[in-house]
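**Q** The structure's right below; bear with me while I get my questions together.
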């Protein structure tokens, strides 16, 4: 029963974390930048926002974004972070599907617990890979962006990516490490007649 509860908690954390990674990938508020000194930007009320897909300018009553569409002139870190975040988002689809199929409330015929256990472990490993891609991208991007321009603060997209990656890492580790063994996997949800 404890393994079933831990597995369910790991699934919920992983699912919420994956949604956070997808939101961070799709939005453009990764870092808030300033083209001048920080005091000048505050007086002028003109800030910039840099993300994976666009550079935006935020001024009083104006929010204008310039899409980053020319791949050949993009810095390498933007391309690498895009690839990592897209990989993380795509890895979440099969991982969540695998983890849904091994939930205690889902039955797929008379399959043995060992088959569900293997799917659970594979889903957990994919979630951990997803988390690693997200962690690398969300740390690498602001470090390299700071070399190009002055960063005033981190944006909500970066925080969403960090929290989503941390939840995925925690959920994946719980699924991989705390799911019990292959022989007893899934028995906590069955009835007494099914166990005997």
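Glycine residues also receive a Cβ, built from the backbone N, Cα and C atoms like all the rest.
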**Q** Examine the ranges 62-82, 83-103 and name the one recorded by TrEMBL as transmembrane segment.
**A** 83-103
**Q** Restricting to the same chain and to residues at least six past its boundaries, which positions have a Cβ under 8 Å from a Cβ of the transmembrane segment (124-143)?
**A** 10, 14, 17-18, 21, 24, 30-31, 52, 77-78, 80-81, 84-85, 87-88, 91-92, 94-95, 98-99, 151, 154, 158, 161-162, 164-166, 168-169, 171-176, 179
